[in-house]
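Chemist: What TrEMBL shows for this protein is this:
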type: DOMAIN; residues: 17-450; note: domain 'Amino acid transporter transmembrane'
type: TRANSMEM; residues: 20-40; note: transmembrane segment
type: TRANSMEM; residues: 47-66; note: transmembrane segment
type: TRANSMEM; residues: 106-130; note: transmembrane segment
type: TRANSMEM; residues: 172-196; note: transmembrane segment
type: TRANSMEM; residues: 260-281; note: transmembrane segment
type: TRANSMEM; residues: 301-322; note: transmembrane segment
type: TRANSMEM; residues: 367-387; note: transmembrane segment
type: TRANSMEM; residues: 393-413; note: transmembrane segment
type: TRANSMEM; residues: 425-450; note: transmembrane segment
Amino acid sequence: MAPARSTCFDDDGRVKRTGTAWTASAHIIAAVIGPELLSLAWATAQLGWIAGPTALFLFSIVTYYTSTLLADCYRSGDPANGKRNYTYMDAVSSNLGGMKVKVCGWIQYLNLFGVAIGYTIAASISMMAVKRSNCFHASGGKEPCKISSTPYMLAFGAVEIIFSQIPDFHQISWLSIVAAVMSFTYSSIGLGLGIAKVAESEKFKGSLTGIGTVTETQKVWRSFQALGDIAFAYSYSLILVEIQDTLKSPPSESKTMKKATLISVSVTTLFYVLCGCFGYAAFGDLTPGNLLTGFGFYNPFWLLDIANVAIIVHIVCGYRVYCQPLFTFVEKTAAEWFPNSEFIKKEYEIQTPIPGFSHFRLNLLRLVWRTLFVILTIVISMLMPFFNGVVRILGAFGFGLLTVYFPVEIYIVQKKIPKWSTRWMSLQILSAACLVISIAAVTGSFAGLVEDLKSYKPFKSIY
């Protein structure tokens, strides 16, 4: 007979979870559809009309499939009542253990740290784009409108310091919903402008094999870099388990998570393919690295401003969502090392006049550590404004390991799939193939980073 369920607490003694397929979908979309979407037209241009859309579809299929494998491993043992794995690292530790846990941890947290820095840079670029657009419009194009990114990075950091004090995933579902709405806003604008430009020229630009105005060596490196962009755009598995830990049951968390994954990956792929293809069709060999920049500062500048503001709001929310697993890891480790410390464990109830937030829980460790983390990401962003190239490398490498290899290995152990069986062989072939693609993508992304370093000047990010 199944044990009676509490109306206030879940089977692990924690406050009852309330997440649904829709809130999980919002978390995923907030994490997946980011500023990297705007680079997919460029990626499609490098690969051409055949390989470009094919790569977008294949990466989405692989991401969806391996995400369902990982969703099945949220609980160890019994899928309905087994021990919960609260984080990605917990799932790796419960099933694989040993050195693989340390390797996974380093890769996951470096990825999250890199994304935080990349998002800071991306937010400042969009802020500057709005400022320059209005400057160009006001001066009629007569002023150079040179702008430093530093004050915008500082402003972004100030906002993130405040948002970082929200305790955990359970309190940030509204942020994910806002981020998802913003994602649809700027991707729809980019898509609409691409369609309008195609309609204006009355033809689809581009070729079956991609850009042909580069050398063969450049073609290879750019193709690999394009794969890195696509891989990074689909990487969200590193926070999947944390999202799944917000879901209520019944139905089982794995069933709800699979539904959320199907919804979010389907929506994501639709926008990725449409933006990538129409962006390439609009600009052909001249497709820019950021789709919105291809439309210039005019006609209609206000629509581009709306798109960039939507990007900024999305990044503010997405930064917070992506950083949560890293915040949780450090705070959980500190609590284990110093179990009696009030600085680490004591929560202070703060009364606020804000409607809907009359009570706020403040923790000193959370205040100090998360503030220092945000400050560090801001400093690195100002020191290395080319860091998006590093993020692309981390994302490409993370796709092969965090999105494919570890979920496959965890699933094999959890389901006790016999070695050398057909299922085991199929999963290993998938893992090996994706690892090879990731290595190629990392190589291409590294080549792009070398080019960025040639013009590198620390703290000199003026556009």
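Even glycines carry a Cβ here, placed using N, Cα and C.
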Chemist: For the transmembrane segment (393-413), which stretch among 47-66, 106-130, 301-322 has the most Cβ pairs under 8 A?
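Modeler: Top-ranked stretch among 47-66, 106-130, 301-322: 106-130.
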Chemist: For the transmembrane segment (367-387), name the stretch out of 47-66, 106-130, 172-196, 260-281 with the most CB-CB pairs under 8 Å.
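Modeler: The listed stretch sharing the most Cβ pairs with the transmembrane segment (367-387) is 106-130.
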Chemist: The transmembrane segment (260-281) vs the transmembrane segment (172-196): three or more C-beta pairs under 8 Å (separation of 6 or more)?
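Modeler: As far as Cβ distances go (cut-off 8 Å, pairs 6 or more apart), the transmembrane segment (260-281) and the transmembrane segment (172-196) touch.
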Chemist: Output the single range from 47-66, 106-130, 301-322 maximising the number of Cβ pairs under 8 Å to the transmembrane segment (20-40).
Modeler: 301-322
